[in-house]
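J.: As listed in TrEMBL for this protein:
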type	residues	note
TRANSMEM	12-34	transmembrane segment
TRANSMEM	40-61	transmembrane segment
TRANSMEM	73-95	transmembrane segment
TRANSMEM	101-123	transmembrane segment
TRANSMEM	135-156	transmembrane segment
TRANSMEM	168-185	transmembrane segment
TRANSMEM	197-215	transmembrane segment
TRANSMEM	221-245	transmembrane segment
TRANSMEM	257-279	transmembrane segment
TRANSMEM	285-305	transmembrane segment
Amino acid sequence: MLKRIAKIPAGTFLVPMIISMLLISFFPGMYDVFGGTTQAAFQNGTSVVIGFLVFAAGTTLDFKKIGPLLKRHLPMVIFKLILSTLYILVFYWLFGIEGIWGINLLTFACVMYSLNPAVALAIHSEYGDQQFGAVYGIYGILGMSFTPLILLSLLTASGGGAGIDWDPIISIFIPLIIGALLGNIDPDFADFFSPLIGKLLPFLGWNLGVGMNLMDAISSGLSGLLMAVIFMALMFPLILFDKYVTKVNGGVDGVAIWNVAGMSVANPAIIGAALPAVFSTQVTSATAIVMMVCIITSLASPALAQKLSKESESERLERELS
């Protein structure tokens, strides 16, 4: 069974979340009956699980190896951040917090800033940079809540930057920094803790599923499909940037991050908790849509990467023969 689940994009995360969502939809008071440790672990454990995930990811950041790799990957990351920020600002100015077509500002920001480092790693292992794993943690940060939380705090705080609640942002950085320090002091820490990333995803999925209502997920299906199409269209410049500007890998580096992370499904809940007055009512629908976009893009990006890789290889052979 586990092997079958693993074949599903973000399956070890999505399958527990879907099962949890179904159970809580039909038995909404089930955790009130059990209470105690069961409730803490399977209903109210989101923040704890995320803290351990961030810590474990931090232990994989190798300061000695990322320098040369950043020369290749940093331009793409910066371009992704700039592009996403511009899109979110335009969306906010045009449609406000409530958004349009069932896509609100929280949803749009969480999707636009995200990328799936696991899919990127798989694509690079097959068609791109064999050492991509050394910068996996850097890309992984973009799948978390830092960037959308900071920008949405700025956009919605009446006092501007001074109105940002920095506590949730700092609280996420602290385990990351501690993990990075331990991982660089002794690589054995990375070997010991990094497996937690995969092992904790089912628990994260389960806890998030508790906060999702089945009817909301179904009703947001069309919005989820639309959001996936919008995301892939708006992020297509990533592929063009790699193909014609950095000219690194024939567009494959761009399509490697042309996706949304399973980890980003947690971002609406995190941001909703940090800015409840603004986004608390949008969390459920945003979570469902982000999940939908994650599934679609996790399937689409590897398929396109394979196509671009074949085209790039054909072009290279033609140049060599000419």
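Every residue, even glycine, has its Cβ placed from backbone N, Cα and C.
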J.: Among 40-61, 73-95, 285-305, which stretch has the most Cβ pairs under 8 Å to the transmembrane segment (101-123)?
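T.: Looking at each of 40-61, 73-95, 285-305 in turn, the most contacts to the transmembrane segment (101-123) are made by 285-305.
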J.: Can you tell me which recorded stretch out of 12-34, 40-61, 73-95, 257-279 has the most Cβ pairs within less than 8 Å of the transmembrane segment (221-245)?
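T.: Answer, by Cβ pair count: 73-95.
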J.: For the transmembrane segment (12-34) and the transmembrane segment (257-279), does the number of C-beta pairs under 8 Å, pairs 6 or more apart in sequence, reach 3 or more?
T.: yes
J.: Can you name the far-off residues of the same chain, 6+ from the ends of the transmembrane segment (73-95), with a Cβ under 8 Å from a Cβ of it?
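T.: Same-chain residues near the transmembrane segment (73-95) but 6 or more away: 105, 108-109, 112-113, 115, 129, 132, 135, 138-139, 142, 147-148, 151, 155, 234-235, 237-238, 241-242, 245-246, 253-254, 257.
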